[in-house]
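Please read through the structure below; I'll follow up with questions.
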Amino acid sequence: MLSSFKNHMVKELKELTLHSRMANKVLILYAHQSSGSFNAAAKNAAVEVLTAQGCTVEVSDLYAMKFKATATVEDITGEVKNAEHFSYAEESKLAWEEGKLSADITEEQRKLSEADLIIFQFPMYWFTVPAIMKGWFDRVLTQGFAYSDEKRYSLGIFKEKRAILSFTTGSHESMFSANGINGDMNVTLWPLQNGILHYCGFQVLAPQIFWAPARVPAETRSAMLEAWRTRLQGLLGEEPLSFTPVDCFDREKGFQLKPEVHEKQATKEFGLTVGTHLGKPLPPNNQMKAGV
């Protein structure tokens with residue numbers, strides 16, 4: 001019992017130390033064209049609250065920066081290895097290793113490397129991020145810098161960093177439910193939160209979703225922003241979402257779930273995650289709430 005208590009206290013101390021360290025630098029990736037938008041207000045609230053907590057906050061305003069959204073050969077300075085059969089993944093990895101990536105990519109990689117918490121602030125376009133933010137993912141998260149075959153998911157390069165999606169929708173919350181016409185928001189979020197953020201190792205915090213701010217009264221929008229400000233006060237100490245660790249999968253068998261893990265889940269009502277659901281009902285709010 002004493003040993004268990006000591007182990008628990010050591011774990012708590014490590015987490016507190018990590019959260020303390022993580023209070024230092026925040027990067028906000030902001031993608032909206034208008035400084036008068038609700039997204040701008042949400043971004044400004046994050047800057048204000050986190051700065052007041054002693055954080056150093058840096059903002060990449062992608063539209064103001066005219067950030068290039070397309071991944072092309074122009075992202076590499078000098079000659080490429082194979083111009084005839086150009087592979088962006090291979091060439092950008094080599095360019096990163098040799099310091100030949102374009103200046104805008106190098107600068108964003110610097111910001112990301114220095115940040116402890118990354119906030120992605122955007123309006124949801126066509127059930128995903130705007131093209132300019134997708135371009136940031138495509139160009140900045142290069143192989144080698146952000147991931148490798150050995151370092152991904154729970155073993156990922158950014159496993160000491162936290163990330164959160166903060167976004168507005170055009171539709172009401174009811175439309176993004178399991179019975180809604182848009183489908184379950186947990187399913188919509190899986191490619192972004194698992195396929196990009198968790199893939200690179202980030203500890204993914206529950207998303208901050210502003211449901212259809214353009215379709216609600218001004219007082220409701222104000223309440224949304226106030227709730228965001230309140231959440232920001234304790235954001236650095238939040239528990240991240242749950243994902244299945246890499247060691248639960250068998251590399252030699254095409255990264256299939258190990259039999260012992262599968263057997264352990266046999267009597268469970270729900271699948272492991274939205275993606276690894278084992279043919280069972282999806283775990284409720286798996287991509288929207290921590291600890292479920």
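These residue numbers are counts, starting from 1, taken along the chain as shown.
A Cβ is built for glycine as well, from the same backbone N, Cα and C atoms used for every other residue.
Just so you know, TrEMBL annotations never went through curation; they're auto-generated.
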Do you know which of 251-271, 272-292 TrEMBL annotates as region 'Disordered'?
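Matching range for region 'Disordered': 272-292.
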Just give the helix, strand and coil counts over the region 'Disordered' (272-292), going by DSSP.
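The counts are 0 helix, 0 strand, 21 coil.
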Restricting to the domain 'Flavodoxin-like fold' (25-232), report the mean pLDDT as a whole number.
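The average pLDDT of the model in the domain 'Flavodoxin-like fold' (25-232) works out to 97.
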